[in-house]
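These come from Swiss-Prot:
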| type | residues | note |
| --- | --- | --- |
| ACT_SITE | Asp21 | active site |
| ACT_SITE | Asn69 | active site, proton acceptor |
| BINDING | Asp21, Glu208 | Mg(2+) binding site |
| BINDING | 22-26, His38, 66-68, Trp70, Arg72, Arg189, 195-197 | substrate binding site |
Amino acid sequence: MEKTKPAAPSSVPRHVAIIMDGNNRWAKKRLLPGVAGHKAGVDAVRAVIEVCAKSGVEVLTLFAFSSENWQRPAEEVGALMELFFSALRREAKRLDENNISLRIIGDRSRFHPELQAAMREAEAVTAGNNRFILQIAANYGGQWDIAQAAQRLAREVQAGHLRPEDITPGLLQTCLATGDLPLPDLCIRTGGEHRISNFLLWQLAYAELYFSDLYWPDFKHEAMRNALADFASRQRRFGKTSEQVEAGARA
């Protein structure tokens with residue numbers, strides 16, 4: 001991919017979502033075990049956080065572990081859980097020092113109680129920070145998210161607090177795991193695959209999609225800046241024509 005200039009501040013996405021793909025293939029290419037790729041990917045996470053925070057991005061959501069990833073070999077899943085646990089303990093202080101708030105979305109019930117406790121602790125330590133929000137999607141699936149939002153609304157209807165006809169797309173959106181945050185403007189997937197893999201299905205309705213052939217451990221500062229620059233070059237129409245968008249920009 002050719003080098004491009006960094007995005008101008010006025011065209012920086014408020015919310016960037018990333019599907020971090022390619023860790024296993026990165027490791028396999030180097031004749032290493034899969035977990036080595038996941039460990040190497042932590043450096044890419046740090047690099048992307050740094051670029052996003054400095055560029056004015058408000059929210060970064062990383063797809064760390066999908067609800068379908070439990071189907072992977074037990075050894076790999078176990079290694080991922082250990083890596084997640086150690087990263088939470090190690091990185092929470094670093095995030096707090098940089099005024100970054102950590103949030104974790106997804107169904108936590110399947111995680112070990114110690115890991116759940118580490119999640120709560122890391123969130124609590126960084127809760128008061130306001131420079132930037134790092135959101136980790138763990139045991140998350142877009143279909144699960146929509147279903148749990150529908151269940152919340154159904155309980156409100158059942159309790160007599162809400163009429164079915166009052167349920168709107170906007171109301172349902174507030175019940176999603178990301179309900180209090182801006183919708184993603186840009187979704188990046190690394191690793192050369194062109195799909196969104198059950199990630200933020202509702203939220204990505206109007207997001208710009210950016211696909212990189214780089215494996216996640218190789219997606220660092222320059223790659224992230226290139227993605228932001230590509231976003232800045234696009235015209236977001238939200239169903240309108242180019243002429244309408246341009247006229248609105250001139251008004």
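Using N, Cα and C of the backbone, Cβ positions are placed for all residues, glycine too.
Overlay of Swiss-Prot feature records on the structure.
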residue	record	DSSP (3 states)
Asp21	active site	coil
Trp26	substrate binding site	helix
Ser66	substrate binding site	strand
Arg195	substrate binding site	coil
Glu208	Mg(2+) binding site	strand
Does DSSP put Arg72 (substrate binding site) in a helix, in a strand, or in coil?
coil
Intrachain C-beta neighbours of Ser197 (substrate binding site), sequence separation six or more, cut-off 8 angstroms
Ile19, Phe63, Ser66, Glu68
Would you kindly give the Cα-Cα distance separating Glu208 (Mg(2+) binding site) and Arg72 (substrate binding site), rounded to the nearest Å?
29
Cα-Cα, whole number of Å: Glu208 (Mg(2+) binding site) versus Gly22 (substrate binding site)?
21
A 10 Å Cβ contact count, applied to the recorded positions Asp21, Glu68, Glu208: which residue has the minimum?
Glu68
Around the Cβ of Arg195 (substrate binding site), the count of other Cβ atoms that are within 10 Å:
11
Write down the Cα-Cα distance for Asp21 (active site) and Asn69 (active site, proton acceptor), rounded and given in Å.
12
Within 10 Å of the Cβ of Asn24 (substrate binding site), how many other Cβ atoms can be counted across all chains shown?
20
Between the Cα atoms of Asp21 (active site) and Arg195 (substrate binding site), what distance do you get, rounded to the nearest Å?
11
Fewest other C-beta atoms within 10 angstroms of its own C-beta: which of the recorded positions Ser66, Asn69 fits that?
Asn69
